[in-house]
Amino acid sequence: MFARTHTSTSAKQFPPPPHTRLNMWSNMKGESKGLLPGRTTIGPLLLMATTPVVAVLIVHLFVVHGGSIQSFLAAKESLRAIWPTPFDPTAWKLIGAFMGTQLVLMRVVPGKTSYGPITPGGNTPVYKANGFQCFMLSIVLFLTGAYQFQLYNGGIVYDHLPHIISALNVFSFAFCFFLYIKGAFLWQSSSDAGVSGNPVFDFYWGTELYPRVLGWDVKLFTNCRAGMMFWAIGIISYACKQAEIYGSFSDSMLVSVGIQLVYVAKFFWWESGYMRSIDIMHDRAGYYLCWGCLVWVPSVYTSQAMYLVKNPVTLGPVVAPTMFAAGILMVWINYAADRQRMQFRESNGKCKIWGKEPQYIVAKYVTEKGEKKSSLLLACGWWGIARHFHYVPEILAAFFWTLPALFSTILPYFYVIYLVVLLTDRAFRDDARCSHKYAQDWKKYCERVPSLIIPKRNTGGLFEALYAQDLLCKLVQQDAERKDSKNEDAVGIRTTTEPPTVDVAVRDLLGGAQLQQCWGKERHVDTEHTAELQCDGQIGHKHRDHDRRDGRREAAEHLPEGTTTHALGQGVRDNCGHIVAKRDRDQWVDAERVQGWEDDDDHRQDLGPERHERR
């Protein structure tokens with residue numbers, strides 16, 4: 001379901017309107033940029049030819065050979081001998097039961113309405129946020145069927161995994177072909193669709209951004225309810241298989257599966273936030289996304305627990321809890337970053353970030369329909385450390401749930417290595433997309449948050465900025481204490497409905513929301529050298545005392561590089577502790593008066609139609 005969307009009947013390429021740039025943000029061209037080259041034809045062909053083989057090979061190595069490379073090489077098996085039949089009846093029954101259950105749960109389990117970000121075509125996706133409920137129900141149903149009603153043994157997924165992956169390969173290719181034909185020749189679920197003119201890339205990348213079939217959202221199903229749900233059910237089944245073989249769970253299996261289940265539970269708890277990630281906002285429903293979630297996730301993402309089934313490791317009462325705690329800490333940091341972003345969005349920027357007012361940059365963009373919109377680029381908290389710092393704890397969490405396998409072979413660490421490449425490439429893709437979308441505003445954001453994933457410098461600058469802010473607050477408080485009652489009736493004070501604008505660097509330091517929070521019923525003093533702001537009925541005043549100048553000079557020494565010191569000499573001051581420089585008023589955005597805020601990507605917040613209105 002979409003808000004403000006329409007359905008196209010063909011995938012013809014129309015000439016773009018003059019305001020539209022053909023890039024990763026636009027639907028007009030299926031451009032893809034990232035860490036690795038060859039992303040239009042050679043790369044997709046290579047991936048589609050090799051990844052199905054790798055998925056089958058990994059499962060064969062772990063299930064048949066117990067993760068032993070020596071055993072695999074000694075067997076000298078051909079690919080034909082390795083590849084199980086994709087038409088095993090039990091495998092198809094299990095796939096049908098699992099997917100059918102998930103489709104039913106998507107429909108019948110209640111959940112609140114959630115909205116995705118505004119698309120390049122100006123559409124707003126609508127979802128039912130019931131992922132966590134479906135996650136808990138799925139686990140209960142699986143364990144109840146296995147141990148209460150004894151319909152199957154708990155290790156059934158592990159027992160039939162090679163045939164399941166083989167069958168999923170066939171199903172996924174057929175499903176991706178259907179999506180390609182649907183979007184290119186039959187019908188499109190929204191205006192965010194089209195073809196690039198390259199059939200190879202269109203099949204690999206997809207033709208629709210938000211396809212729906214019979215009312216089911218395809219990407220919500222493949223990414224979340226099929227891929228991520230299989231991850232949880234699969235590793236539980238692997239643990240059950242180990243207990244069936246050895247009579248109990250090894251502590252290494254408990255640590256690995258425990259961390260992974262917490263991670264997957266976090267994912268479903270935060271599912272509405274995932275629907276605003278680059279996977280959903282930018283990646284179309286094609287081989288890359290749908291096959292990856294239906295085949296690659298069950299075979300590769302679960303490989304650590306798959307290895308431990310036949311290779312139990314005893315960690316001991318000290319090492320096991322330590323590994324578990326470290327893994328949970330990484331999952332928590334990853335969640336804390338996601339939660340911080342969601343709080344910023346849900347509060348319309350009116351929230352505390354690490355005890356301070358949020359700092360952000362306002363970025364403008366234009367949709368393909370010509371609608372001018374704005375986004376808030378969050379530049380503090382976790383999102384001020386690096387533009388994609390949340391990838392660091394995600395990689396470390398994967399390392400800690402792999403670590404219980406220890407180091408007898410590198411095979412269990414294949415997923416960790418793959419994840420580093422995947423997330424690094426994703427960070428580059430996101431940067432390329434946002435650079436096209438926001439242009440110069442994105443450059444300003446990158447100057448403010450220069451690190452991509454790993455911080456390039458220590459956090460000293462952060463504490464210096466906070467210290468400078470405290471100095472500024474004290475200066476204004478001194479001004480308020482020493483104000484002369486005569487100045488309260490000074491000539492030149494006039495009522496205005498127009499908020500003062502600020503120097504960009506200082507506004508970013510103090511935070512736009514922090515400034516607008518102090519904007520009550522204002523009075524504005526506008527002279528040649530000074531502009532003064534009334535906040536909460538009190539008026540700041542100009543003082544010429546030398547100690548003020550000395551204090552401002554001290555504060556200037558602690559301002560981040562590039563911050564104008566104009567704010568310390570002549571500018572807007574208020575009794576709430578803000579000193580800001582005067583600048584062109586067209587740059588002021590009154591966040592309180594802007595409606596329709598929507599999140600844009602991993603660390604952004606859309607403001608909806610651009611409303612840079614003066615109060």
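Glycine is no exception: its Cβ is also placed from the backbone N, Cα and C atoms.
What TrEMBL records for 1-12 is compositional bias 'Polar residues'.
TrEMBL lists 547-560 (among others) with the feature compositional bias 'Basic and acidic residues'.
Sequence annotations record features per position, and here TrEMBL assigns compositional bias 'Basic and acidic residues' to 581-615 (among others).
Taken from TrEMBL, the feature region 'Disordered' applies to 1-22 (among others).
Positions annotated as region 'Disordered' by TrEMBL: 536-615 (among others).
Sequence annotations record features per position, and here TrEMBL assigns transmembrane segment to 42-63 (among others).
Within the chain, the transmembrane segment (130-149) has long-range Cβ neighbours (under 8 A, six or more residues past its boundaries) at 101-102, 105-106, 109-111, 156, 224-225, 229, 232-233, 236-237, 240, 264-265, 267-269, 271-272. Among the features that TrEMBL reports, transmembrane segment is placed at 130-149 (among others).
Marked as transmembrane segment by TrEMBL: 161-181 (among others). Long-range contacts of the transmembrane segment (161-181) within its own chain (CB-CB distance under 8 A, at least 6 residues past either end) are made by residues 52, 55-56, 59-60, 63-64, 83-88, 90-92, 94-95, 202-203, 206-208, 211, 218, 234, 285-287, 290-291, 294-295, 298-299, 306.
Taken from TrEMBL, the feature transmembrane segment applies to 245-265 (among others). Counting only same-chain residues 6+ beyond the ends of the transmembrane segment (245-265), those with a CB under 8 A from a CB of the stretch are 132, 135, 228, 231-232, 235-236, 238-239, 304-305, 308-310, 312-316, 320, 323-324, 327-328, 331, 334, 397, 400-402, 404-406.
Beyond the ends of the transmembrane segment (286-309), by six or more residues, the same chain brings 44, 47-48, 51-52, 54-56, 58-59, 62-63, 66-67, 158, 161, 164-165, 168-169, 171-173, 175-176, 179-180, 202-207, 218-219, 222-223, 226-228, 230-231, 234-235, 238-239, 241-242, 245, 250, 252-253, 256-257, 260, 279, 401-402, 404-405, 409, 411-412, 414-415, 418 to within a C-beta distance below 8 angstroms of the stretch. Marked as transmembrane segment by TrEMBL: 286-309 (among others).
Feature annotation from TrEMBL assigns transmembrane segment to 315-337 (among others).
Feature annotation from TrEMBL assigns transmembrane segment to 374-392 (among others).
Residues 35, 58, 61-62, 67-69, 251-253, 255-256, 259-260, 263, 300-301, 303-304, 307-308, 311, 313, 315, 320, 323, 326-327, 330, 388, 391, 453 of the same chain, all 6+ positions outside the transmembrane segment (398-423), place their C-beta atoms under 8 angstroms from a C-beta of that stretch. The transmembrane segment annotation in TrEMBL covers 398-423 (among others).
Taking Cβ pairs closer than 8 Å, the transmembrane segment (42-63) reaches residues 36, 69, 72, 79, 82-84, 158, 161-162, 165-166, 169, 200-201, 203-205, 287-288, 291-292, 295-296, 299-300, 303, 306-307, 309-310, 411, 414 in its own chain, all 6 or more past its ends.
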